[in-house]
Each structure stands twice: as structure tokens, then as C-alpha cells.
Number of protein chains: 2
Amino acid sequence: MQVIKIGVLGLGTVGSGVVRLLRDHQNKISSITGCKLEIKTIMVHDLNKKRDVDLSGIKLTNQVDDLVNDPEIKIVVEVMGTVEIAKDYVERLLNADKHIITANKDLIATYGSELTELARENGCDLFYEASVAGGIPILRTIVNSFAADRIIEVKGIVNGTTNYILTQMSQHQVSFAAALQKAQELGFAEADPTNDIEGIDAAYKMIILTYFAFGMNISLEQVKVNGITRVKLADIQQAKKLGYNIKLLGIAKLINDRVDVSVGPVLVPEDQPLAAVQNENNAVLVTGAAVGETMFYGPGAGELPTANSVLSDIIAVTKDIVLKTTGSRFNDYRRDLKQAQPIDVCYSYYFSLRVKDQPGQMLKITQAMTKANASFHLIIQTELDEDNARVVMTTHKMSEAQENQVVKALRSLDGVEVIAAYKVLPN
Amino acid sequence: MQVIKIGVLGLGTVGSGVVRLLRDHQNKISSITGCKLEIKTIMVHDLNKKRDVDLSGIKLTNQVDDLVNDPEIKIVVEVMGTVEIAKDYVERLLNADKHIITANKDLIATYGSELTELARENGCDLFYEASVAGGIPILRTIVNSFAADRIIEVKGIVNGTTNYILTQMSQHQVSFAAALQKAQELGFAEADPTNDIEGIDAAYKMIILTYFAFGMNISLEQVKVNGITRVKLADIQQAKKLGYNIKLLGIAKLINDRVDVSVGPVLVPEDQPLAAVQNENNAVLVTGAAVGETMFYGPGAGELPTANSVLSDIIAVTKDIVLKTTGSRFNDYRRDLKQAQPIDVCYSYYFSLRVKDQPGQMLKITQAMTKANASFHLIIQTELDEDNARVVMTTHKMSEAQENQVVKALRSLDGVEVIAAYKVLPN
């Protein structure tokens, strides 16, 4: 039986999972690929650190050259994280004709097209299923199963940390800060959670999903990103009363043959499948012109789910090696699309305001709305404290240009603070 | 650009959808495959029937030989239905070196392994993504993304007709007969709905899913099948009060390295994702040892969703033709597993009884349970009519052997009728 030797960069959570899974499911993998897959060398920072995974027969090194210069190693799994150093290593490995599998969304979202071309030039595969939505095989599914369809929209819960926090806030009536702390204690949020809670992690994933769904390359600057740090429990409860769950959604949408990509808190009608996705789980809803709505749900992170996605990439590379068909792009669909204009991106909105209790305030708010030609669906005013009222409005559909105008006008009003301005998905 | 000519058997709903999609998405398909795909010939029963799809440039015939003997035709799509005739045609086409794509679950569930070997001998592809769960790309996902994992269970709502009927009964408090009639009026159920409502259609799909998930071939006789024709509105309402939705579930489960496959009404806790699948939609929940629970949701039938799955198969064949890698099995995972024993298959159960109002009845029921060593979780007795009471029981976990014994004992009691004996999924 052909033996294929594998190198690994990084031995954190996912790296350990890959070692474990490859060992545990050796027989099944051999029966499918006709090959024996063996990890030969793993590059780590600290050679002396104690590891809780069986590494017998595997060489540890702190030199990437031990992988680059080893002709026996055919496939390298990059699960070390970082962007610039990982890019340097991956380039050197591709130039040494190693096939690359990475779970590094930051790397792919930033340098994906460059690395894809380098891989092609060297006849190498470059796969990265684990970079989006951990255990959900969404990228390969888009490539294989939506090839004949025209995708209209991809939207989803692609960050487990923020979904965990929002779920806890909603279910246990706790503040953002308390939910974050619990998430950190349970390991669902990192010590520095910025990338997750500010929506950056979700944005990177939406960049990759946009490339797969629409064939279009966009940069982080082109994604409108809002995090969840300013989401108030009061608004989660208010939305609930109106029949919605607030979720951090990434949305990539085709509008008049242009694409709009955003990440932010969104009101999702509670009878829609995305609204039911709880805690650290992820889900991606793909709408095709022909197929309609399909949803893919599963664990968004974690050692074994993510490692399983890495393994499915390893098996795909192995099949390509056996069939001598390596070197084709993970995603072959490319189109030159432009970004949608704010005037064409239309949603209903949920506004939540803190309004100083003084005569004429509601008139001014109404005037600000009317000036932007925006119309209410409902207005709810409640007492907030001695001096302030809470005003919640949901609107009919308006363009993002109108919404910007409304928010700007509301912010300029004396005694009015805009707490929330969230999109509302249609029922 | 290489032109690949396609033949089609059958021009019903799915056939028309294939013609339409292939025409509408010509450019995207060419950009991905590097080939131009053209339908050359379609075999139909009635050459003179009026068709509501543009057939310009396509030859209609009523002779399968016009496809078998045409060396230009490389791929044939079988969407005509039936088993024996379809098998004969597919065999002749495979022997003439045509790659086959079929949406015919009855054919694949019955003769899949035989046809797979014939395809391999002829170096041909045989794909059938559309045969299970219409628009949901579940088969290719299992092949590609669970190859490194060990699947423990596949369960799902794989029949849209029955899910539509059960959803209507639950939402509008109507009887089975009324919901079926509505489904027929709306085209969600056929004039003769037997195969759907008796669970046969779902069983065929579970046979195919079992083959993909566990590598095991089973026959229809090995699937324990119960339909929904005897499901009472009262039990749907009672289950709802207990926090469950009744769904027709197919379940294929690994138990001590043996497999149990069943189709029947099951109580699903209402906060689980499968419980939220409404109307004609399908969903398949795959549990992997590593990845945990993942769910794939989408339209289970319909012209364009099913046609989209056919098209994704056509594109897969086309890629194989270009790369000269045709002739490998759709699913390469094979294991010789046995069927699980009734003594090892354990679930909680929901029993619903019609009990003649006379002294000592509850004692006899309790005795029947105790004799089988089965224990209650709860018992609810309500008045049914002047002479009868309704007794609903949920039980702790018991084996299927015990459950059979209980049902047999209950049935033997004078004045006791067993209305329902359904599995209950754990919370």
C-alpha cells in the first residue's frame, strides 16, 4: 500500500485533533484512499512542552526547513495561525511542491488568491475547508453541489463565540459582560476576544464564503462590520417580544449583479431555521436560484470537528495524488463583480434610542425619519429611568443610504442616543 | 471548447428542470468545467405530448436505442422512474459506455450495488445525488466530508409528503385524511400516495443513506417500516403538550458495530433542529464520532431543486471525463456489518391506548408492562368517549424486544386497543 507522509505546522488544539483522528480512523481512511497516511514531522514552538497526545513515531522540530527540505513529505497541514509567518512558510512549502491544507481563515481571507495561484504554478493542491465554520463542510459543498446553480445569497452564523454569548444573554437574561465572562471560563471565548466580538473573525469567513459563492475577491475593508459589544439585553428582550432573535449574521448577497457583504447583529424571525441555532453552533444558509434555501448546521469550532474538516481535505489531496489530478483550484468559479451601492441595499431596520424626557423629542425623531423618506412599522416608547425614555422603532424597507442618513440625523439630535440600528430579516 | 452531449430518459418534472437549468446556467457551467454541455436526445413515452419547456435543438425519441447506439452521447440522465425497465435501460447504456446519472431511488435502493459494479467494469460513472432528499447534497457530503470520521447515526426527515401532512395536522388541528387531501390538491402528494404515507419512499432513501454512512448494503425487508396513516391528531396534540413534535423519521444507527435501520413516526423534542423542519422540507442529521451533530436542511423535492442535484452530478462526471478519472464508485466505503438485534436497540417509547372503561383495566396494563420489565415515565388517562378512556404512557428506555413484548401483551388484553407505539428521542 502506498504510504503518504504528512507534515504539520503547529500542535495546538486542531493539530492534536488531526494526530488523534488520523490514528483512530486509519483503517477507514486506508480503505477509501487505498493509501496509508502517516504524520512524519510536526513543527512546534516549544520542543519541551508536555503534550497530551500520543506522538510515538512522529518527529518534533522547531525548524520549518525540516518539512520544506524533506522530499518524503507530500502534504503539510498548517494549523499554527498568524498571517505573515504562516504565509512565508506556506509559500516555501508550495515552492517545494508540498500540498497544503490550512485552517487559517485570516491567511486565506488575506492572501488566498495569491497562494492559490502559487499552488497552481507548482501543481499543488491548497485546501482550507476547516477555515470556515469548523465542522461544517460548507466550502466543498458550494463547490460540488451549487456548481450548476446561481447562488443569490449566503448568510450565516459563522462565529461560535458570539453566538454563544448572544444565546446566553437571551436564555439567562444576563448582560454582554457577564455572558462574555462565562464564555471565557468555558473556553468558548479567548482571553483577548476582540476578533470574535468585534465581528472580524466572522468577516474573514464571509470573505472566503463570498469567493466561493460569487467567485469574487473582496478585502476586509469592503465588508461592513459591526460586532456585538454594544448589544443590550433590553434589545434582545424587546426583539424577542416582537418575535425575533438577535444573531450576529454574516450576509453576502447578490443585488443587481453586484455583491453586498456585511457582518452585524440582525433580527431573525424566530420561526426561521437560523434563529434556532444555539450556543457555539454555526449554520450557513445558502439560497440558490434553482434549489431555494438550504441550510448546513453543525459545530463551528472545537478540536475534533475542525480536525475532521482538515482530514477531509487530506483525503481529497490523497485522492488527487493517486489519480494524478493535483493542482486545480479549490474553487474554480471566478467573476468580476462590483460592490453593491448603499442605495441598492434594502432592509427593514430596528432602531433603539435612549431619549431624554422633554417635550417635542418624538416630533424631532419623526422629522428625522421623514426627511430620509423612511417610514415606521411600529414605535414603542417605554420609561428607561427618571430622565430618559426608551424608543424602539421598526421600519419598512429602506436603503442603506437612507439608514445612514437616519442614524446621522438621530445622532445629531440633542438628548437622543442611538443604542442599536440593526437589520431585520423579512418573515 | 470540448462539447459533451447528453441524453435524457424521461421528460417529467425533473427532466424538464434539467433542460431548463442546463440552458439557464450554461455560462457558469462552462466556466467551471471548461466544457460545453448539450442535451442531444430525450426519450419520452409520447412524442406528441405538448411540453412547456423549450426543446429547440433537442431530438425527441421513443426508442432507447437512439441513446444506446449514439456514440456522441457520453452522459445519460435517467429520470423516467420505474425499476425493472429503468434497470434494463441503464444496463444497456452502461454496456455502451455511457455515464449514468439517476434520480431513481427505487432503482438504486434495489439494484445499486449490481449497477455500481457494472459501471466500474465499463469505466463509467454512476451518480445519484438526486435520489435522496432532492435538493440537499447529502450523499456527496457524506462521501467527501465524513471520510475521515466514523458516522454513528444518520437520521432524518427524508419524505416531504409525510412531513407536509404531519405539519398541517399539527398547525391546523386537522385529521390525517384532511391533511392528505390538501397535500394532494397542492401537488405535495400523488394521486396514489401509498409509497409516501406508508414510509416505503423514506425506507428506500434510508437504504441508500445506510450504504453511504456505514458502507453496508441492506434490502427493503431489513428496514422496519411504519407509515403515518394511523397517526391521530389527538396524539400529535398530546405529544405537543409533552414538548415533542411527531415526525416521520428514518433512523440508521450503529449499535455495537451492528446497524439498525427503521422508518416510523417518532417524538422529537421540540427544541431539536429536526423538530423545526416544516412542511415539504427535508433534513438529514449526521452524527460523527469526531464532528458531532451536523444537519443538512433544504427542499426535499421539486423540479428545480432535484434538477440542481442532477446537474451537480453532471458536472462531477464532466470533471471526471476531462481529468480521465471516470469509473470510480460514487461511494467507496464498504463494510460487512450485521443487523442489530432487537435486544440491543433501545429507545424510550410513547404508547397511546384506547381502553374500555371497566374496573381493573389499568392493573392489567401495568401487569403487561411489568412482565416485560418495562417502566413508565408518566401515565395520563383522559376520557375519550362514553365507554372508553385514552391512556397515554411514556416509558424509560427499553429494548425493541421488550417493546414488541409489551405491544403484544397490550393487544391481547380485552378492551384495549394500541393506537400508537412510537419511539421518543432523548432530550
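Quick reminder: no glycine exception, Cβ is built from N, Cα and C everywhere.
Remember, TrEMBL labels are computer predictions, not curated facts.
According to TrEMBL, the NADP(+) binding site annotation covers B:Leu9, B:Gly10, B:Leu11, B:Gly12, B:Thr13, B:Val14, B:Gly15, B:Ser16. The annotation NADPH binding site is assigned in TrEMBL to B:Lys105. If you look up TrEMBL, you'll see B:Glu190 marked as L-homoserine binding site. Under the heading active site, proton donor, TrEMBL lists B:Lys205. Annotated domain 'ACT' per TrEMBL: B:350-427, in sequence order.
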Mapped DSSP class for B:Gly10 (NADP(+) binding site), helix or strand or coil: coil
Counts of helix, strand and coil residues, the domain 'ACT' (B:350-427), according to DSSP: 24 helix, 34 strand, 20 coil
Euclidean distance between Cα atoms of the residue listed as 'L-homoserine binding site' and B:Gly15 (NADP(+) binding site), Å: 18
Chain-mates of B:Leu9, B:Gly10, B:Leu11, B:Gly12, B:Thr13, B:Val14, B:Gly15, B:Ser16 with C-beta within 8 Å of site centroid, NADP(+): B:Val8, B:Gly17, B:Val18, B:Val79, B:Met80
Cβ-Cβ neighbours of B:Thr13 (NADP(+) binding site) (radius 10 Å): 16
Mean predicted confidence [pLDDT] for the domain 'ACT' (B:350-427): 94
Three-state secondary structure, which DSSP defines for the residue listed as 'L-homoserine binding site': coil
For B:Leu9 (NADP(+) binding site), the one of B:Lys105, B:Glu190, B:Lys205 that lies nearest, given that the recorded positions are compared by Cα: B:Lys105
The residue listed as 'NADPH binding site' and B:Gly10 (NADP(+) binding site), Cα-Cα, nearest whole angstrom: 15
Nearest-integer angstrom distance between the alpha carbons (Cα) of B:Glu190 (L-homoserine binding site) and B:Lys105 (NADPH binding site): 17
DSSP three-state assignment (helix, strand or coil) for the residue listed as 'NADPH binding site': helix
Fewest other Cβ within 10 angstroms of its own Cβ, chosen from the recorded positions B:Leu11, B:Gly12, B:Lys205: B:Gly12
Candidates B:Leu11, B:Gly12, B:Thr13, B:Ser16, B:Lys205 (recorded positions) - the one closest to the residue listed as 'NADPH binding site' by CA: B:Lys205
Alpha-carbon distance [the residue listed as 'active site, proton donor'; B:Ser16 (NADP(+) binding site)] in Å: 23
